[in-house]
Every structure is written in C-alpha cells, then in structure tokens.
Amino acid sequence: MRIWFWLAILVFRWWNALWVKTFFQPDEFYQSLEVAHHFIFRYGFLTWEWTSAIRSALHPLIFAALYRVLQVLKLDSSYFVFTNAPKLLQGTFAAILDYGTYKFALVRYGSKTANWTLACSLVSIMNAYVGVRTFSNSLETTLTSIGFYYFSYYLKYENSSPEQRKKAYSSLLGFISVAAFACFIRPTNILVWIFPLLFWNKNPQTPIKDLLSFSNVFNRFRFLYALGYGRLFGIFVLCVSLFLVNIIADRILYGRFVFPIISFFQFNVTSGLSSLYGLNAWHYYLSQALPLICGGFLPFVLLTMDLQTAGTILCVFFPYSLIGHKELRFVYPISPILLTLAGKFFSSFSSWKRAARFFFLIGLGHALVITFLCRFHQFGVMEVMPLIHSLAEKNQTGLILAPCHTTPWQSHIHSPFAENGWKFLTCEPFEKPFDETDRFYENMPTFLDKIKEWPDYLIFFEERFYSLYSYLDSRGLKYEEVQRYYNSLIPESRERAGALLVYKKL
C-alpha cells in the first residue's frame, strides 16, 4: 500500500486518540503518564508499584522523553498541548498496531486476507477504545503485532536454501528485539510466544498430528541451530544490548539498580496479593475477554480458528486463569491474531459485495459501541480535570471524595500547588487496617471528623450527596454546588453512581 494510505491511518488514529474523552482504568495514567510526570517535573503521585520497583521503567520513560521535549520547548505551560501530546504519541503506537497486524496477515495469509484484516483492525472496539490509551498493555500489543510479523516472515524462510537464510536471520533478529521489549514492559508477554516458538509453521492448516509431533519441534531447533551457527556472536550481542538497555532504563528511573521482573512475579503469582484488586471466575477470559476483544467478529473468528492460533490462545488464557485477579487488557496482545482470523473469514467470500455487507453491519454496530465507550461512559471524571487545573493555578484547595484514582492526577493538573493543595482518597494495598477509600465509605463521619482544615472545593459523586450534605450541615460547614458533570449511564460501582458534583465553600 502507498505511503499516503498509511499516513491517512496515522491521522485517523491521532483523531481517534484525541476524540476519546472518557476514563477506562486508572493504570492509563498512574502506571505511565503520572510516573513520567513525576520523573521530569519532580512532583506527582507514585503508587506503591513504583515505590516498590515492581514495574519496568521502559514504558513511562517514553512519555518522560515527550514531557522533557515539551519542557525544553516551554510548551508544557499550554494545558491543551500538555494533555494532548501524549495522546498523539499513543495514537502513533495505535497506527503502528494497525500496520503490524496488516503485515502479519500479509505474510501469514496473503494480500486479500491482509486487506480485510486491516479493515477489521480499524473498526475494532478494543483498538479504538483501549489501543489509543496510554496503557503498557497497549504498547505491548503494538510490539506483539510486529513480533508476529517478524516471526511469520522467519517461518516463511525456515528450512529454506542457504541463500535465503539471510532473510530468516534478519527476521529472527527483528523478532528477538520487539519480543524482548514487549516482555520487558510486560513480563507475561512471554506467554504469547511459547506455542508459536515450539509449534507454529508457515502452513496454518497443518494437521494436529504433524503440528504437535516431536519431529516438528526438533526440526525447529535444528534449523535455529543451523541458522545461528556462525552468527551466535551477533545474536549474543543483540540480547546483551537489549538487557543492558532495560537495566539502564530502570536505573535512570529508580535511581538504583533494581530487577522489577522478580518483584512483578512475586506479587502477581507467588504471593497472590493481586487478588486485592478483585477476583474473577476461572472462565473469565473465555466467557468475557474473548468476546469483548473480538466484538461482532467473534463467530467468524471461531469458524476460522486453526490449531496454531487455538494453541497460542490456550497458552495465554490457561496461566492467566490460574490467577484470581483478571482484567480484559491483560490478554489484549492476542488481538492481532484474532483479527487476522476475522480477515480470513471475510476474504473467503466469493462475492466481495456480500462480504462488504456483512462487514458494514458489524462495523456499524462497533461504531455505536465505540461512540458510547469513548464519549459517554465515565465522561465526567475526565471533564472535571481542566476545572481542577484552573483552580489549582489560582491556589484554590480541593478534596475528591470518591473511590481512589477516580480521576487522573498531575498528568492532567500539572500544578505544583496541587501537590499539597489537592487530595484524593488513596487505596494502597498495604495500608492498615483499611485504606483511605475503605475508611471513608465504611464510616464517613468518623473519617471526615479528622479533617483539620476544610478545602475550598469538594468533588464527589451524586450518590454521596444526601449523607454528605447532612454531615456538612451538622458541622456548620457551608458549601454550594457550582458545577455538575454527567458521568455515566451505567456506573462502574455503587460508589460512582450519579453525576460528579463540584461544591465550593462559602
């Protein structure tokens, strides 16, 4: 495809990223932008994961570099530029995800399937709603799509003539690079590659007896040995360089030598502490995550599912299902291979018009869901941020009485005054006996009685209105409503019901 076409997709994803006006999950900010902001500007809120060195520095340092550029150019003083620049960068990563998914399908299934796969990627609910957000999972998915492309290109020349092994070798180096970075950012990304590395070959329709045979695995490693023989030094240098980059990145952010992958494994696997963030049914990834990732393409994905893709999904879903805490975005990196199956289904139609009709109906349904999620669901908690920014700039104090991390923080306030002048309820997992959020909702009067100096502004959800109004009145505190923001038709929890209210002290 011509370069202008890919530039158009880049512009589309930029628009997509800027068009999103809603909140999804706190990690979009507190595991990326907030960390980057703290690193560059030396103020902001660091969650326990960063004070305990449980996460890789690679992802937030990307946005830290962007913030540094804005700082040097003195563009960070513009609230519009400061809050939208990260969106444009993430939109670029989302466009690369579209490109990587297309290239993977092109090598794996051919041009017709690749064209349909790209179309599916462009109307994917997950790509439009999650892919343009600054989650580490989003960048992980982008890297995974490129990794699948390089690995499929490698398979194409596996067992080839000596003259063509140079192509296989260069593809292998590309695969090692992007897969390593994906695993550094999210160590669990290794699950995506277990089955492909052992069993995939260039023919997706290989029978199960041949696919899982010992000879298939033996031939894979025999070719890798033949390919690497005489080139081991180059592979060794690449691997060492990648590890050094990761170690140096962690050293830069944390200020000391740390190994986040060890802490990450201990917290999420051996300790079981991840369950503090909620428990899900063992079948969550099959019964909920898979349908949500595929959307309207789910029946077609299941109809065209081959053994190599099914094995890959199983190797991802099974280990994740053993952990009590589950989230949709954890398995987002498998979306490129699922979208290629949807593209394969549409390419199987003998009539292009019939395939286009099917696609149009599904795309229309996806567009409605995307519009609801990106423009209406959890809208108010983002819409209030410019107001908080302007109040902090005027040295007005405030307190957000809502579940922890309901809003972004300094990545959307960007005010040194707010560091002490504004507060929100925390929920660090090691707070005893309960975290601030629990204490507030368990016994609101007792919690509020400990406030020595009441702030200029209170922000809370409508569900808290009557109890909070009664408390303020009983204490002789006078506040009046100055703003209310619609938040969601379907609240994420009882504590988030109703509009988001802003009250000013009289």
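Note: Cβ is positioned from N, Cα and C throughout, glycine not excepted.
Annotation source Swiss-Prot lists N-linked glycosylation site at N115 (among others), citing sequence analysis. Spatially close to N115 (N-linked glycosylation site) yet at least six residues away along the chain are G343, S347, judged by Cβ distances under 8 angstroms.
Annotation source Swiss-Prot lists N-linked glycosylation site at N395 (among others). Of all the Cβ atoms in the protein chains shown, 11 others lie within 10 Å of the Cβ of N395 (N-linked glycosylation site).
Among the features that Swiss-Prot reports, transmembrane segment is placed at 180-200 (among others).
Annotation comment: Swiss-Prot describes 229-249 (among others) as transmembrane segment.
Per Swiss-Prot, transmembrane segment is recorded for 257-277 (among others).
Feature annotation from Swiss-Prot assigns transmembrane segment to 285-305 (among others).
With a threshold of 8 Å between CB atoms, the same-chain residues lying at least 6 positions outside the transmembrane segment (330-350) that come near it are 97, 100-101, 104-105, 108-110, 112-121, 124, 126-127, 130, 137-138, 140-141, 144-145, 148, 182, 186, 188-189, 192, 285, 289-290, 293-294, 297, 300-301, 303-306, 309, 312-313, 316-317, 320, 358-359. For 330-350 (among others), the entry in Swiss-Prot reads transmembrane segment, with the evidence type sequence analysis.
Swiss-Prot lists 358-378 (among others) with the feature transmembrane segment, giving sequence analysis as the kind of evidence.
Highest Cβ pair count under 8 Å relative to the transmembrane segment (358-378), across stretches 180-200, 229-249, 285-305: 285-305.
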